[in-house]
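Pulled from Swiss-Prot, these are the features on record:
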type	residues	note
ACT_SITE	CYS381	active site, nucleophile
ACT_SITE	HIS507	active site
ACT_SITE	GLU509	active site
BINDING	SER13, ASP148, ILE149, GLU150, LYS188, THR189, LYS190, PRO191, THR192, GLN193, LYS224	CTP binding site
BINDING	SER13, LYS188, THR189, LYS190, PRO191, THR192, GLN193, LYS224	UTP binding site
BINDING	SER14, ILE15, GLY16, LYS17, GLY18, ILE19, ASP71	ATP binding site
BINDING	ASP71, GLU141	Mg(2+) binding site
BINDING	GLY354, MET382, GLY383, MET384, GLN385, GLU405, ARG462	L-glutamine binding site
DOMAIN	292-534	domain 'Glutamine amidotransferase type-1'
REGION	1-267	region 'Amidoligase domain'
Amino acid sequence: MTKFVFVTGGVVSSIGKGIVAASLGRLFKSRDYSVSILKLDPYINVDPGTMSPFQHGEVFVTDDGAETDLDLGHYERFTDTPMSRLNSVTTGSIYQAVINKERRGDYMGGTVQVIPHITNEIKERIHRVAKNTNPDIVIIEIGGTVGDIESLPFLEAIRQFRKEVGRNNVVYMHVTLIPWIPAAGEMKTKPTQHSVKELRSIGIQPDVLVCRCDRPLQPGLKEKLSAFCDVPVASVIMSQDASTIYQVPLNLEEEGLAQQTLELLNLEPRQPDLSQWRTLVQQMQSPSKQIEVALVGKYVQLSDAYLSVVEALGHAAIATNSVVKIRWVSAEDLENDSAEQHLEGVSGIVVPGGFGVRGVDGKVRAIEYARHHNIPFLGLCMGMQCSVIEWARNIAHLEKANSAEFDRESPNPVINLLPEQQDVVDLGGTMRLGLYPCRLTPDTQTFALYKQEVVYERHRHRYEFNNAYRSLFLETGYVISGTSPDGRLVEIIELPGHPFFIATQFHPEFRSRPSTPHPLFLGFVKASVDYNHVSLDSKIQTHIELVTEENTPSIALG
């Protein structure tokens with residue numbers, strides 16, 4: 001029978017429940033247990049697809065086209081297991097399903113209430129993950145903070161869940177904060193005590209406490225928490241801040257989190273194999289070189305808006321024994337300032353996805369700068385569309401070339417709406433979403449990186465390259481290195497004679513993993529490292545020449 005671990009959070013939001021859930025999944029997998037992780041989000045949106053990146057951060061897209069919380073990206077990267085739409089549940093989707101059932105008459109005229117109808121639907125979603133993927137263990141992260149009114153139906157549902165499936169098949173894990181108070185010179189447990197008290201008032205007694213802290217727990221603190229929260233000392237787990245999130249599974253393993261949880265579930269503890277993971281972390285912590293890459297985006301004020309891009313760059317950095325320092329550049333700043341002012345000195349430029357006209361001209365200027373100065377460039381989704389616009393304006397000399405998304409009156413809409421999107425009215429869940437095949441063109445840089453003819457990548461867009469301009473682009477030197485299998489949709493472009501200039505309509509960042517960096521990100525980081533060396537050698541040579549000139553004595557001829 002499938003076992004279930006529920007992860008709740010207390011005291012503050014953004015406590016790190018997602019990383020704890022993902023880390024626990026990694027620890028279970030290292031013991032050869034199959035795992036699936038489910039996120040229950042208490043917001044009323046049906047999914048995060050229409051939410052502002054400034055509020056929610058990145059929208060992570062699964063193979064089956066679900067627009068989900070960024071935590072699902074952590075789940076996939078840590079467990080190396082693909083998630084699906086079943087792994088993301090929101091209050092909005094729960095209420096939508098219940099109301100649809102009521103409209104169909106499924107409740108036979110009964111009064112529809114939070115208990116039992118909403119809670120039953122929540123429990124059904126949890127069971128659905130277990131039935132469809134049949135894992136040994138399902139980890140369920142409950143979004144929000146204990147005490148929030150929005151979380152109450154989910155907490156009531158998981159309270160009922162243990163009674164229905166059996167005490168030995170469920171573990172309640174509570175992630176909480178142990179703050180350090182400088183004035184007192186000590187750590188305080190009172191916030192955690194109150195958080196556990198709040199959980200108990202709902203009918204949930206946590207089995208495991210995961211204590212987030214910025215320094216080691218002081219002597220006696222675990223015993224104190226054990227006494228006041230009625231949790232065994234061995235189940236009070238320290239989770240100290242780490243230099244990288246990939247260190248967290250190793251820290252939690254040292255604290256015995258997986259072993260304690262497996263014992264509570266009556267499962268064999270087994271010996272973990274974390275050798276590969278330890279090697280990855282060691283490589284991250286001992287790089288031999290550093291490069292600086294500019295990320296030119298619309299939402300750079302919140303780095304979580306580009307979380308998977310940042311992680312994919314990090315994965316490639318591990319493989320190249322380097323560290324990637326990101327220079328966050330607002331695309332809007334490039335509309336008013338010179339590109340050189342913001343981009344000088346970088347070894348690579350990434351232009352990621354986005355929606356809407358704001359900042360587009362800044363992205364175009366960044367791409368022009370990369371092309372002119374032979375700086376490695378990687379464009380993603382809108383980044384590819386902007387590279388098409390840049391080429392159309394500056395090389396193909398198409399007057400007022402633009403995307404139909406940004407200028408419906410453009411005489412040269414080199415990016416146009418997909419035909420199947422013409423009659424779409426709703427915004428949520430209606431784009432070209434999920435995994436699609438892409439056929440690569442032989443003898444291209446892209447083909448050399450992937451080393452295969454057909455690849456599968458995740459998409460999230462409504463607009464595509466306008467094929468009315470394909471011949472003109474090819475005539476002016478553009479290379480189309482990837483298309484849909486029928487050749488209709490342009491999916492990848494590149495420029496010959498450039499160290500690295502590749503742009504994709506899809507989002508390769510969603511399929512990158514710490515142990516298997518995505519080929520395009522790996523190629524980009526390698527090219528950026530090479531560019532950095534060439535640039536540094538050039539600067540050294542210039543310095544030598546200047547010094548030589550300054551030290552050359554002047555000779556008077558007469």
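A Cβ is built for glycine as well, from the same backbone N, Cα and C atoms used for every other residue.
This view paints the features noted in Swiss-Prot onto the structure.
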residue : record                   : Cβ neighbours (10 Å)
SER14   : ATP binding site         : 9
ILE19   : ATP binding site         : 22
ASP71   : ATP binding site         : 24
LYS224  : CTP binding site         : 17
CYS381  : active site, nucleophile : 23
MET382  : L-glutamine binding site : 27
GLY383  : L-glutamine binding site : 25
ARG462  : L-glutamine binding site : 17
HIS507  : active site              : 23
GLU509  : active site              : 29
Original post:
Measuring Cα to Cα, how many angstrom lie between SER14 (ATP binding site) and THR192 (CTP binding site)?
Top reply: 15
**OP:** Please work out the number of neighbouring Cβ atoms within 10 Å of the Cβ of PRO191 (UTP binding site), leaving out its own Cβ.
**Re:** 15
Original post:
Secondary structure at ILE149 (CTP binding site) (DSSP, helix/strand/coil)?
Top reply: helix
Subject >> GLU509 (active site) - helix vs strand vs coil (DSSP) >> reply: helix
Original post:
So among the binding-site residues GLY16, GLY18, GLY354, who's got the most Cβ atoms within 10 Å?
Top reply: GLY18
Subject >> Site extent for ATP (largest Cα pair distance over SER14, ILE15, GLY16, LYS17, GLY18, ILE19, ASP71, Å) >> reply: 13
Original post:
Do you know offhand how many angstrom separate SER13 (CTP binding site) and GLU141 (Mg(2+) binding site) by C-alpha?
Top reply: 13
Subject >> Whole-number Å value for how far GLU509 (active site) lies from CYS381 (active site, nucleophile) (Cα to Cα) >> reply: 11
**OP:** Determine which residues of this chain, when GLY354, MET382, GLY383, MET384, GLN385, GLU405, ARG462 are set aside, have a Cβ within 8 Å of the centroid of the L-glutamine site's Cβ atoms, and list them as they appear in the sequence.
**Re:** GLY353, PHE355, CYS381, CYS386, SER403, ILE415, HIS461, TYR463
